[in-house]
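Here's what Swiss-Prot has on this protein:
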ZN_FING   6-109  zinc finger
COMPBIAS  283-313  compositional bias 'Polar residues'
MOD_RES   345  phosphoserine
COMPBIAS  387-410  compositional bias 'Polar residues'
MOD_RES   407  phosphoserine
DOMAIN    685-778  domain 'DUSP 1'
DOMAIN    786-893  domain 'DUSP 2'
C-alpha cells in the first residue's frame, strides 16, 4: 500500500471481508429502521457486522459510527469506503479478489486533510476489473413474469396538492431511455452538488420499477430537493406540470453533465474565426420554440432585458462553466425557450434558400448573418450569400454545445471572464484545429433537438439564420380561422398572419379579453362539431412551423437597415430528439385573470410523421414517432387535477396514473384525453432487429482472445435509442486515451467488457470508438490534477488569510461609517470552498435575493438572509468574484443641538472644579 493510502490510520482496524459477504449484506436491510437499499453502509470494523442506512434515509450508519467509534464503512452499492474520523474516502488493499495491475504512476503529493473527497486524486494504482457483458445486458426480450405482472405500475402518493409532480414523474418514468439509464447505469448518478436530485431520482426509479412492485411510494426526498432549489414549488398551491418537468430535467442535467473536449476536423470553419461583436438588441428576436409565429416588437427593441428577474416560466441555460439555475419568467417563455446551440454545416444556411426566393429574390452580394447566443455575450457570423451555393462545414453539433435548459442563471453577471474573442472573418486565413468546450448529459442526449429559423428583411433582402436547441416544443392551439387558413393553403409552410395562431396569445384590451373569455366559455359548453373541424396535433405543428409575416405592430428590426421593416420568418427542424416532448399551450395568464383553452386536440398513438417539418438538408433518417405518455389537466386555469396516461414498455398496455391509483385503460380512452404534455419516442423496426441480432450473438458467446471495453452509457443508448449514434467511449477515457484519475475509483460503473465478435459487429455497424483493450490511469492527467489542486490549495489559503485579517480589523472599529451586506447563501458557498469542503469556487456574488430597489436606491430586503462586512472586505471579494449589487447600510448620524452640547460641557467643567 502506498504512503498516501496509509495516510488513514484506521485501516488497521478493518476485519477480513469478501465480496460475497458484501453482496449478501447489500440484499438486506438497515438493522435499525429496516429500510432496503440501494446505498446501505456496512461497518468494516473487525468482528462488527452492522449494516445501516445512509443520508438518503435516517443515516443510521453515521449514528453507529459515533456511538461505537467504528470509523470505516463501505457503501454496499458502490463499494467505496469512507472514514468518519478522517472525513474522507480511503482505499483498501484488494481484499475483494485479484485485479489487474496497472503500470506504476507517480504518487500524488499529500493533499490538505480537510479537502473535499471528490477532488482528491485517487491514489490506488489498480483498477477494478469491469464486468463482462452477459445476455441480460443487451437482452431486449420481455420476461414472461414481466408480461404477466409488469413492473412500473406503482403509484405516487399525493403529499399536498402534488398531483402535477406525480403526473410529470410518471410520464418521465415511462420514457425507456431515461429510466433504463438510471436502472442500468445507476452508478453514474453521482454528484457533489446539493441537493443531489439525481440520487433521489435514482432511488425513486428503483422503487417504481422494482420487481416486488409496491402499490405506491412517497416521493418525499425528490420533492424536498426541488423545493430547496426552486421556491416556486414550496407551499401547497397547485403548480404547473410542465414547469416542474423543465425544472427537474434542468437539475438532472446540471448534476449529470460532463465536459467533453473535442478537436475539430482541420477542414471545418470555426465560427469563432468569423465572429464579430454585435450588441444589437433587435437580433434577439428570432425563432422561439414557443411558436414560430410569435414575434413582438417590444422584445425586438428590448432584447437586452431577456435575462432578468422573476422565475415563473422557463428560459435556457446554455452550458459553459456554470452550475446552478432557477426558473424564469412568463414572457421569457414566449420568446426565450431556445438559444443557439450548435452549428452543423454551412450548407444548412442554404436549406431554405429556395423557399425564401418564393417571397423575394436573394441578392448574391448581400450577407446572411448567423447569430449565436451564449450566456456571456452574443456572437454574430456574417456569411456572404453567394457562398451559400457551396456548402462548407461549420463546427459540428458536437463542437459547440451551449445548451437549452429549464431555467436561467441566478443573476445576470454569472459568468465573468467568459467573453471569447471576436475576430473578423479572414477569407484567406489558414484552417487550424481548435478545441471547444461542450457539455452533455443523459438529458441532452435524449431530449435535445435543433431548429433552424430564418428572418428575412423584405426591404434589403438580408436573411438572419439562427440555429437553436430545444428540449420541448410549445405549440399554439389554432382557432377556427387559423385552421381554415392552414387547411386552405396548398403549401404546408405558407404565410400565416403574425400572431394569428391561438388568438388568445395576442395582446388584448380589457373588452376584447372579456369577450374572448365569454366566447371560450360558450365554446366549452357546445359540441365541437358546431364550431368547425377537429384540431389535430398536425394542425398545431403546422401552425408552429408556419411562415410568419412581420409587419404592422410586429415589424422586424433590421440590423442592416437600422429600422423597423416588414419581414418574413419561418423555421424547420434540423435534428429531431430521441424523445420529443410537446407542450400544448392551453393556459393564458393575464395580470388579473387566467384562462384555459379546453379545445380537444386529436393526437396519434403511433406513426406521428414529422417529415413535413424537416429541414431539406437535415441528416435525420427517422422522423416517425410513437406516443409514450401524455399528461392531462382536468379543471380550470385556477384549479384542477393532473393525471398521466402511460404505455408500459414491458407489456405495451396503457395505464392511467392518478396519484397512487394505477388503472389499465383502453387506447380510445387515451385518444379522447385532453392532452397537455405529450412524450413521443422515435420508432424504428430496424433498430429492434439489430438489437435482437446482437443479443443472439452475445448468447452464443464465441471464444475470443481479446476483450473490448465499451461504455455502459452507449450500451444503454443501443438498447433504448432508435438512433444510438457512433460508439462513444469518451465518457470513461481522457483525451490522452487513459482513465482519468477521478474516475478510476468507479470504473466498473462506467464500462463493460465485450467479446471480440460482439465488438466487431457493433463497430462495423455504428463506427466510433476508440477501441479499448486495456485500462490504465492516465499519468498525464494525474500530474495535471496535482498541479490544479496545488493552485486551489494556495488560493484557498490566501483568500482565507486576507478575509480573516480584514474581518478582525472590521471588528475592532467602534462606529464604522458603512456596512456592506452580503448574501449568506453565497458566503456559505465561498466558506465551503476556502475551508476545503467544496472543490470548486463559487460563482459571482449574488445579492439579488437580499436586495430590493426603492426610489432608485438599492436597499436591504427585510428579513433577508444576509451578513455584514466592511467596505474593504467587500472590495476584496468583489475584485475576485465580481457580481453584486452593492447593498450598503449607513448607521444614522445623531445630530446634537449646539446649546445642549455647550450646557453639558459647562456642567462637566463645574463638576471638575468641585
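Cβ atoms here come from the backbone N, Cα and C positions, even for glycine.
Averaged over the zinc finger (6-109), the predicted model reaches a pLDDT of 75.
Taking DSSP states H, G and I as helix and E and B as strand, the domain 'DUSP 2' (786-893) has 49 helix, 24 strand, 35 coil.
Counting residues of the domain 'DUSP 1' (685-778) by DSSP class, helix then strand then coil, yields 45 helix, 16 strand, 33 coil.
Here the zinc finger (6-109) has, by DSSP, the following mix of helix, strand and coil residues: 22 helix, 20 strand, 62 coil.
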